[in-house]
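Here Swiss-Prot flags 2-154 as domain 'PPIase cyclophilin-type'. Look at Swiss-Prot and you will find SER2 tagged as N-acetylserine. Sequence annotations record features per position, and here Swiss-Prot assigns omega-N-methylarginine to ARG61 based on similarity to another entry.
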Amino acid sequence: MSVTLHTDVGDIKIEVFCERTPKTCENFLALCASNYYNGCVFHRNIKGFMVQTGDPTGTGRGGSSIWGKKFEDEYSEYLKHNVRGVVSMANNGPNTNGSQFFITYGKQPHLDMKYTVFGKVIDGLETLDELEKLPVNEKTYRPLNDVHIKDITIHANPFAQ
């Protein structure tokens with residue numbers, strides 16, 4: 001199961017881990033299928049750490065799950081922030097997942113068991129390279145020029161009715 005994020009700087013194909021994180025994947029895939037992420041900016045970009053998106057307000061403070069409320073974390077000892085390209089839910093503490101997610105630029109073991117890992121980049125690491133190179137505001141880490149998710153292609157959605 002995978003999706004492709006079509007961004008202003010290229011495509012990123014992500015394998016999603018539906019068996020290990022079913023609720024997170026149901027939320028993510030439903031948001032993808034409803035075009036929720038279309039137009040979202042990458043609002044936080046920290047070189048060597050991660051890039052974050054998934055807030056339709058573009059502020060980094062918005063976004064909602066498909067259930068209209070925060071939902072619980074799904075941790076697995078098998079899913080770690082151990083390579084470049086790990087995809088995880090952003091949160092504000094335990095069990096506060098909504099719509100925002102991030103992609104790591106490298107190993108981030110301090111994030112393990114704090115953020116739900118639900119996917120990994122399987123194609124488009126060169127696009128991740130382009131995102132990481134973007135100049136940012138040194139205080140907010142917001143890219144100086146907005147880069148958007150234009151749209152998303154879902155490849156074989158197991159939750160589709």
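Placement of Cβ uses the backbone N, Cα and C atoms for every residue, glycine included.
Classification of the residue listed as 'omega-N-methylarginine' by DSSP places it in coil, neither helical nor stranded. The domain 'PPIase cyclophilin-type' (2-154) scores a mean pLDDT of 98 in the predicted structure. The two recorded residues the residue listed as 'omega-N-methylarginine' and the residue listed as 'N-acetylserine' have their Cα atoms spaced 27 Å from each other.
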